[in-house]
Amino acid sequence: MAAEAVTTIDGWYALHDMRTIDWTSWKKASADERQEAINEFKSLLTKWEETEAAEKGSHVLYQVVGQKADLMFMFLRPTMNELTDLETAFNKSKFAEFLLPAYSYVSVIEMSQYSGTNSPEDPKVRERLYPILPKWEHMCFYPMNKRRSGNENWYALDFKERARLMYEHSKTGRQYAGVIKQFITGSIGFDDWEWGVTLFAHDALQLKKLVYQMRFDDVTALYGEFGEFFVGNRLTKDAIDTYLSV
Ligand code: VOV
């Protein structure tokens, strides 16, 4: 008999957007052109801040460490259409002329009902479905799957066993309360992996400690498969001029 799917409650749509700066063309541009690009970029950030203040979405910006990208945005919006609207507006901006696509990921904030206690009317649950993203010092993003091969097939496990494994997972996670904030986004049908994992930390080392500790939970040890990892440091609007000065 087929295993029973878990119901999910879903919130805002998410776009993780990673860009690489074309420093060569940035350096070749005139000072006026660069200033125009910076001003336009900052006014887009201001517009997104207004959306966030009105609780109609949220966003963060991080500077990626390593060569995978330079900038890492995460956007949350009530609809997928708003995500393409903001992406298109950004792509048309002067600053985007100096950016190369590095990676993107489309998903939706998801809570699964393994414990059966999440009600979409509960203000605590609403806070997780429609969150204002934390502006903590470090962010980590990676996509993942639950294995579906041979004896390790998550989708063939019965509900009770999956709920037990997720309960064990949540116990490990809860040890990091106040240290790491996690956002799980579902991407089955939207992107190449099944979930996106976004973590925020004040101390970068705690990202490694949590992800390592979880490797020993049965759910991760037996079923976890991972894509690329991106890690970054927060880039504030005030720091943009310095960051882009050449
Ligand atoms: C701060 C850390 C933290 C905490 C507290 C936490 C708690 C919880 C709870 C309570 C629940 C279940 C209910 C829900 O809300 O969905 C989940 C769910 C989930 N998690 Fe988690 N998780 C954390 C952190 C955390 C990490 C670091 C990872 C990556 C795994 C790893 O090994 O690298 C992860 C993955 C997931 C996934 C993919 C799901 C959905 C699985 C599904 O099959 O549906 N998660 N998670």
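Keep in mind that glycine also has a Cβ here, set from the backbone N, Cα and C atoms.
Unlike curated records, TrEMBL annotations are generated automatically.
Some features that TrEMBL has for this protein:
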BINDING   Arg128, Tyr142, Pro143, Met144, Asn145, Lys146, His169, Gln182  Fe-coproporphyrin III binding site
ACT_SITE  Tyr142  active site
Longest CA-CA distance among Arg128, Tyr142, Pro143, Met144, Asn145, Lys146, His169, Gln182, per record bound to Fe-coproporphyrin III, angstrom: 22
Contacting binding-site residues, sequence order - Arg128, Tyr142, Pro143, Asn145, Gln182 vs ligand 1, Cβ under 6 Å: Gln182
Packing count at Asn145 (Fe-coproporphyrin III binding site) (other Cβ atoms within 10 Å of its Cβ): 17
Packing count at Met144 (Fe-coproporphyrin III binding site) (other Cβ atoms within 10 Å of its Cβ): 17
Listed in sequence order, residues with CB under 8 A of Gln182 (Fe-coproporphyrin III binding site) and six or more positions away: Gly173, Val197, Thr198, Leu199, Phe200
